[in-house]
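Peer 1: Residues or ranges marked as active site in Swiss-Prot (evidence: sequence analysis): ARG95, GLU98, SER121.
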Amino acid sequence: MQSQCQPAPRQALTDAVIAAKARKRLSFEDINQGTGLSLAYTTAALLGQHALPEAAARLVAERLELDEDAIALLQAIPLRGSIPGGVPTDPTIYRFYEMVQIYGTTLKALVHEQFGDGIISAINFKLDIRKVEDPDGGHRAVITLDGKYLPTKPF
């Protein structure tokens, strides 16, 4: 298992993935089928935020017509965090920052794929957090972010 220390190779692969996805007119769901992984995980991996298991890397590479080097890179542990900027210092807020660093591009891609060009409102918005028992012991936080979709309007 390899780990990346520079973001450039994975960013170049992400660019190739997005180009192939568009050229072949595939959705992330199409690409994910048969991987045995969640749609969000595979999408995050294709956007450079996770490593894929070998079988999944080979399957998505075949769908996207990527080469052996790309298959190897899809399996490498990425240098995570795709959103530059200042880092919060409060530990709880930092964890949300970390979540957005890892899944922000995935959320953006899936929102645009499912809704079109636009945003999820943080004004017309509902947030819910629930504490639930974790079957493995302890507790889990279930956080629901419920925002109205607002399409971009040409002017």
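Every residue, even glycine, has its Cβ placed from backbone N, Cα and C.
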Peer 1: Which of the three DSSP states, helix, strand or coil, fits SER121 (active site)?
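Peer 2: Its secondary structure by DSSP: strand.
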Peer 1: Let me know the DSSP-derived helix, strand or coil state of GLU98 (active site), please.
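Peer 2: Reduced to three states, the DSSP call for GLU98 (active site) is helix.
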Peer 1: For GLU98 (active site) and SER121 (active site), determine the Cα separation and express it in whole Å.
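Peer 2: The Cα atom of GLU98 (active site) is 21 Å away from the Cα atom of SER121 (active site).
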Peer 1: Within the chain of SER121 (active site), which residues six or more apart in sequence place their C-beta under 8 angstroms from its C-beta?
Peer 2: GLY147, LYS148, TYR149, LEU150
